[in-house]
Structures are given as structure tokens and as C-alpha cells.
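Comments concern the structure below.
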Amino acid sequence: MAILEATNIHKSYGTKLNKQEVLKGIDIRVEKGEFVSIMGASGSGKTTLLNVLSSIDKLSNGSIKIEGSEMTRLKEKELAQFRKKHLGFIFQEYNLLDTLTVKENILLPLSITKIPRKAADEKFKQVATELGIYEIKDKYPNEISGGQKQRASAARAFIHEPSIIFADEPTGALDSKSASDLLGKLQQLNEKLRATIVMVTHDPVAASYCSRVIFIKDGQIYTQLHKGDESRQTFFKDIMKTQGVLGGVQNDH
């Protein structure tokens, strides 16, 4: 079942006289339970694509359906409600509230639902245990490491069981061990909960944890790689080869 269907996605910036087309007719379909990475050189449009797919930014033309709902037809208020219920986000900057504990931060998405306290606590325990942060639940963000902050941010994205999670360079601010810890946990949650994840990354190691990698070049899909039954190491080598053909991938914000 397709969770995300994007058809003929166009995104332009500027005026008619000085228009820059960043996305040029992209089609993407993401099935339930897929862990998909979007890669591309700096300026290729990968971050713009994630922002448009996740409704952070408006598209110029095309169709985006999530769980069958046409995102482009939703009014601002409806879109905000849809986003709260169906979408989860993991950003590079963690975005945790300093005045709340780790547990309180993670439970934020449930505070807008009518879920009973006991059920919320059970959900919290499950996801926090999976991500290895249950023991630090009563600490504040300034008392924990960057890797722990990002795992708390990931737990907050998973807690309300969204239809799809969008991750923008989630390992960008982490050292290699913290990054591999986070990616391993995301992979586990993807497999255990059949969570659907779309992640933008410039890092081939991060992309190798995914089941499919979409390469963007000049605002269009250049090619795709499927992991299939390959080992992560073999998939990593395939990603590196494709990246080499693309001419290297720099960090892109």
C-alpha cells in the first residue's frame, strides 16, 4: 500500500522574469514500511523535495497524496491537523524544549490527542526503550549528549505512530558512533513497527541503512538503488559508485 504518492512535482522560486526551477516533474511512490533515502549533490533539490513532500513548503505544480489525502487541496487549518496526526519529523537541530524533561518532550505529540495517561506512558516506555533512552527520561536536554538528544527527537517523531516520518540530515550534527547508533535504531523501528521513513542525507553510510536510495540531479530523479538482499556493506559500495558518477555529494542545506 502506498503511503506517499507524489506526481509531477514542480517547485520554482522567484518571479516570472527571474524564475529558478528547483524541482522539475518528480514522481515518487513510497510504500508502507519502506525506509527511503534521498541523496544528491549540493543544490540538486533534495532538501526542497523533502520540504515539499512534508508540506513544510508549498509545491508550484503537481500532486502529493499521503494515505490517500491530497495535500494540495487541504486548507491551512486542515493541513496543520493532518500534519499533527499523520506526520513525524526528525531534524538535524533536535528541536527539544529546554524547560521540559526528555519524557515530556517525547510525549508532546500525544498531548494534543485524547489518549489516556496510562496508554501514553506505555507508548513512551516502548519507544524510549527501543531507542535506548528510557533511563534518561527525567533529565533535561542540557544534561544529555547530542546523540541522546537526537534519539529523543526520533522518539518524539515515532510516539504517535504517524503514517510517515520525514528526516532531514538527522545525523548531520552527530559523531560517527552516535550517528550509527541512531541509524541502527531507526532501522529497527522501521522493521519492527513497519514505520515508513523518508530521509534526506548527504552521507552514504547513513543511506546504506535504508531499503532504497533515490538520487536527485538538477531537480529530477537521476536513478534509484534497491538494497534487496544485499548486505549493508555491499549496498554502501553501490551507493558510493553512483555518488561517484554523480560527481560527489556535498552537505546541502
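Glycine residues also receive a Cβ, built from the backbone N, Cα and C atoms like all the rest.
These come from Swiss-Prot:
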type	residues	note
BINDING	Gly40, Ala41, Ser42, Gly43, Ser44, Gly45, Lys46, Thr47	ATP binding site
DOMAIN	4-243	domain 'ABC transporter'
Three-state secondary structure of Gly43 (ATP binding site) from DSSP?
coil
Measure the Cβ-based neighbour count of Gly43 (ATP binding site), defined as the other Cβ atoms within 10 Å of its Cβ.
13
Have a look around Ala41 (ATP binding site) and count the other CB atoms within 10 A of its CB, chains all included.
20
As a test of reading the model: what is the averaged pLDDT for the domain 'ABC transporter' (4-243)?
94
Counting across all protein chains shown, how many other Cβ atoms sit within 10 Å of the Cβ of Gly45 (ATP binding site)?
24
